[in-house]
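S.K.: From TrEMBL, for reference:
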- 31-414: domain 'Cation/H+ exchanger transmembrane' (DOMAIN)
- 415-438: region 'Disordered' (REGION)
- 20-39: transmembrane segment (TRANSMEM)
- 46-66: transmembrane segment (TRANSMEM)
- 86-103: transmembrane segment (TRANSMEM)
- 115-135: transmembrane segment (TRANSMEM)
- 147-171: transmembrane segment (TRANSMEM)
- 183-206: transmembrane segment (TRANSMEM)
- 212-240: transmembrane segment (TRANSMEM)
- 252-281: transmembrane segment (TRANSMEM)
- 301-324: transmembrane segment (TRANSMEM)
- 331-358: transmembrane segment (TRANSMEM)
- 378-404: transmembrane segment (TRANSMEM)
């Protein structure tokens with residue numbers, strides 16, 4: 001028998017928690033879509049609107065203007081359910097991103113030059129970020145006792161480039177077929193791999209969030225990586241090949257999703273984070289497969305349209321611009337972090353591009369592209385906050401940095417004019433998730 005409960009706790013004017021949850025999902029999806037379309041007309045990637053949608057529903061906007069309205073729409077029981085749905089979306093998104101993070105495009109770029117670009121684009125921001133974190137723990141550090149872990153985490157967060165948003169920007173600016181675009185995409189792909197590997201090592205070594213002994217966590221993590229490379233990857237390649245030879249290859253989708261979720265559970269129990277397991281399993285899935293392409297098409301629509309905006313909203317609920325206060329000190333620290341994050345990317349990555357032989361203007365373009373942080377920054381910042389490595393103020397700083405650096409990327413590139421590098425050889429695979437996530 002189907003019953004509709006109009007009162008959550010007996011009050012005549014109350015709304016059933018399920019109805020309120022569905023209403024919250026509808027509001028989040030609609031607001032994210034409208035802001036994405038609006039900002040898209042201004043030349044901004046879709047993710048800017050989605051991030052802003054989350055911020056507008058949090059204490060920085062709705063909670064400040066109409067606290068009672070926010071409390072009614074997003075009570076604790078609704079936000080807890082939204083968070084669970086958002087984590088599922090995040091696991092699925094990172095699995096799809098792992099599926100697309102192949103390094104085949106490095107065949108068309110010099111590996112030494114690419115290595116220099118990754119080191120320059122990540123090394124300098126990492127060093128400066130660790131220095132800033134060491135100088136401002138009172139403002140940025142969370143309650144976790146590991147000071148070295150906090151410092152290294154903040155440096156890692158400063159060094160990130162968002163592969164999904166970058167790929168979409170290259171398409172929008174018609175740079176995806178240039179040598180610079182190919183080089184940038186390859187550098188971002190390698191950089192993403194390095195960043196997630198670094199985060200995995202950091203969480204394993206510090207034991208943040210886990211109950212196992214550090215040595216046990218590190219050992220099991222290394223064993224899981226080895227199992228993925230030497231057993232799971234060849235096995236999946238064989239399974240996908242057989243699926244391509246039979247009708248109904250899409251039946252493989254549930255199996256791959258179960259594998260991604262199983263990996264997410266394992267890394268969660270290890271005290272790392274579920275997204276690390278999903279990402280690792282995704283890297284084992286063959287990219288040059290029609291079955292994989294169909295799987296991407298089936299998963300990405302609902303994941304990117306519904307589940308990922310729930311994650312942005314969840315982050316936005318914990319971001320309060322008011323946390324920086326009215327005193328100029330925290331705002332000056334934030335401004336310094338923003339300037340340092342931008343300059344270290346442009347100088348480090350741009351300098352490496354010059355060494356790789358790109359003209360000066362194209363080197364500046366490369367630095368501007370590597371400064372795009374987008375979705376990846378939010379995911380990493382959310383992990384750091386959940387594990388108490390950074391404070392709520394630190395989360396606010398990283399989210400605002402991601403928003404601003406992503407927003408200025410397209411105007412900077414347009415101001416520098418069209419690229420002067422010739423078209424590059426194109427790999428067979430494209431990045432459907434990356435292009436849609438922008």
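Our numbering is plain: 1 for the first residue shown, then up by one each step along the chain.
Placed from the backbone N, Cα and C atoms, the Cβ positions cover glycine too.
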S.K.: May I ask for the residues of the chain that lie six or more residues beyond the transmembrane segment (378-404) and have a Cβ under 8 Å from a Cβ within it?
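M.R.: Hits for the transmembrane segment (378-404): 48, 51-52, 55, 90, 94, 139-144, 146, 149-150, 153-154, 156-157, 160, 162, 195, 199, 203, 208-209, 273, 275, 311-312, 314-316, 318-321, 323-324, 330, 333-334, 337-338, 341.
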S.K.: Counting only residues 6+ away from its ends, which parts of the chain sit with a Cβ under 8 Å from the transmembrane segment (46-66)?
M.R.: 27-28, 31-40, 73-74, 162, 164-165, 168, 308-309, 312-322, 374-375, 378, 399, 402-403, 406-407, 437-438
S.K.: What same-chain residues lie close to the transmembrane segment (212-240): Cβ under 8 Å, and 6 or more beyond its ends?
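M.R.: Same-chain contacts beyond the flanks: 200, 204-206, 252, 255-256, 259, 263, 266-267, 270-272, 277, 280-281, 283-286, 289, 291-292.
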